[in-house]
């Protein structure tokens, strides 16, 4: 039977104490809802429907995904009410898999196991046993162990509250049965809400097959209700990813001080030091070494690249055996060629620096193309902005630029040219020539420093 996924994401999240909708709070650099959608897509469903409410259009606007149907729940009247809002949109003859937008770590294998149990029809629910079940709806079973109903904690008796098997909120139900049961749902309970869990009791009463599948690990069905729970899941996720990477041959100096906030593809013998943050899509070739306190976002590093401490690399590509840092910032649209050295307190923006060139100290290179075997002295600035527009600097192969040089773009430095220290270059420099632009040095014999009176 084809699957339609419904994700309930309309909750207010009052315990987050935030103006941001709860499902947009981030886990590992992505909204909670993004994790759930990504898992749902692995099922290749006939459709994905997201029910949103609190926060209004900020939720769908954060995704703009063509494969998602967005349904707004104007009034938050419970999970049952939220599910019923999808009735005009769901495809007939499908199995509905109802997920929670604030349960980000549920495993695809668990969902497939649940769906397999109801493939021929009926109602399925995912349960879990908790040492401390406070706050969860309890699973009530009959004398032969079958599920008879789910009772929310607010409506449970003291005896029922001692039950440790709880409802996770993840439910599988045929579309035709949800439509059939919809008129029977009631808000006659302590919360005055329409509970999705009431479906179970109605299903049992009408003779529908009801099955329960137990999650192997409580962490995968843990929801986020406050910032402490979010932080707990964040640490769990990061430790899990760290263990996976070490299993693939990555050396982590301290797995507890590593943050992956996206996708990481790695070669062999990669070393990552403490407090490194990787965001977006990062590719690290064989033998890459990342020093402590570095931030990489959407970066590609070739074989043998070394990044020293305290570097920021964003939207950039670095070829084999290059070295960057410490305290270097590589900004978007930058490419560093093989064997390039970028040193301390250097900023590179929207530039290409070719093989074996060096910018070792205290420089800004922006909107520039630099050839091979170029040496850029300390304090060199490409002056690329005239107050209105950005301009390009071209430095050809084998150029030597002395310290404290300003290159006023647009400008071209010919191959093999040498520029003396302290120059301000406003015109193109011919190939192979020495260019100076300083005022002559003068000394005043007999001059004395003023003394204090």
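Our numbering is plain: 1 for the first residue shown, then up by one each step along the chain.
Quick reminder: no glycine exception, Cβ is built from N, Cα and C everywhere.
Swiss-Prot names 378, 384, 385, 403, 438 as acetyl-CoA ligands; from the candidate set 415, 417, 421, the record adds 421 to that same site. Counting residues 6+ beyond its ends, the region 'Linker' (228-248) has Cβ neighbours under 8 Å at 16, 25, 27-28, 104-105, 219, 222, 255-256, 258-260, 264, 266 in the same chain. Summary: among the binding-site residues (8, 421), the fewest other C-beta atoms within 10 A of the C-beta are counted at 421. Cα of residue 375 (UDP-N-acetyl-alpha-D-glucosamine binding site) to Cα of residue 421 (acetyl-CoA binding site): a span of 12 Å. Candidates 11, 102, 361 (recorded positions) were compared with residue 378 (acetyl-CoA binding site); those inside 10 Å Cα-Cα are 361. The Cβ of residue 361 (active site, proton acceptor) has 16 other Cβ atoms within 10 Å, all protein chains considered.
Comment: acetyl-CoA site residues 378, 384, 385, 403, 421, 438; largest CA to CA distance 23 Å, whole number. Comparing the binding-site residues 375, 384 on other C-beta atoms within 10 angstroms of each C-beta gives the minimum for 375.
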